[in-house]
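Engineer: Below, the features straight out of Swiss-Prot:
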SIGNAL    1-45  signal peptide
TOPO_DOM  46-325  topological domain 'Periplasmic'
BINDING   275, 294, 297  [3Fe-4S] cluster binding site
TRANSMEM  326-348  transmembrane segment
TOPO_DOM  349-372  topological domain 'Cytoplasmic'
């Protein structure tokens, strides 16, 4: 692959200047949370490494992951597709169709055996021998296994591929199955969400291209750089949660004031994703900022956890399990206790200082002799 076109060469061929290329590397480093100091390393990698071939296949899904990906802003999806990677097969985005598209698929997995990244959107249904999802005239499960056999790594796009999503909701008549339950001998990184945040998708690809490895993941296989914290942890309404200020109905005064949406069913306290920090639509907003609670779409089994508008009963708060009704009072109690302790300590310190202070008589000249 040494004679193949690199990312930098592809960008220069498209008329991108050196200055713009370095700016791109700086933005990529920032979006990955690596800091500006990593920009030179990203630049070196993209100047010297050939573009990675990517095969993107679709199982049971609604194509929302693709729709999200093409709206990426940092980096732009067009830069990822046309320059950063070599997206050789994606039956949604490619011009070829039918037999011609399948010939491309076979050529890529044969020519780049062991070198390409497999991106999977959707999941395989195992019921009725896989006949609930047909691709190229045969069950999708067969295509998935064939593509996975020669892949260097696999990306599970979205909640469908990661957990099963709505297709796997009870009673799961098609036996829709997450891909890690079917492919067990390959490294798989899960990027859940319905859909995932577009900038998260493109940033993960940038990381893999730059460092030739998967990003660090949690015990469930999600990249820590984007799924290491709950939406609740960085939510701008968090202060209202801690103060016990909650919206009680969609049209009340608390809703107009932007109070916490936890009582309206917001799943932010139990959902790990980057919505509250990265946001959507080029960082413009996210559901909670738009006035609607988080649905928890990045979590496993979110379709089977009751109504989207029923709140979580208990969540950890300040070392105890407090409900939304009591957490505000608890916070106020802690503050009141702290104020009380401070007041008592101040009074004791003041009395101690008063007892140690010499009297006015003791400081008068000659008093030492009189006392003697």
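Numbers run from 1 along the shown chain.
Just so it is clear, glycine is given a Cβ too, placed from its N, Cα and C backbone atoms.
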Engineer: Tell me the coarse DSSP state (helix, strand, coil) of residue 275 ([3Fe-4S] cluster binding site).
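Structural biologist: Residue 275 ([3Fe-4S] cluster binding site) sits in a helix per DSSP.
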Engineer: Highest CB neighbour count within 10 A among the binding-site residues 275, 294, 297?
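Structural biologist: Of the binding-site residues 275, 294, 297, the most buried by Cβ count within 10 Å is 294.
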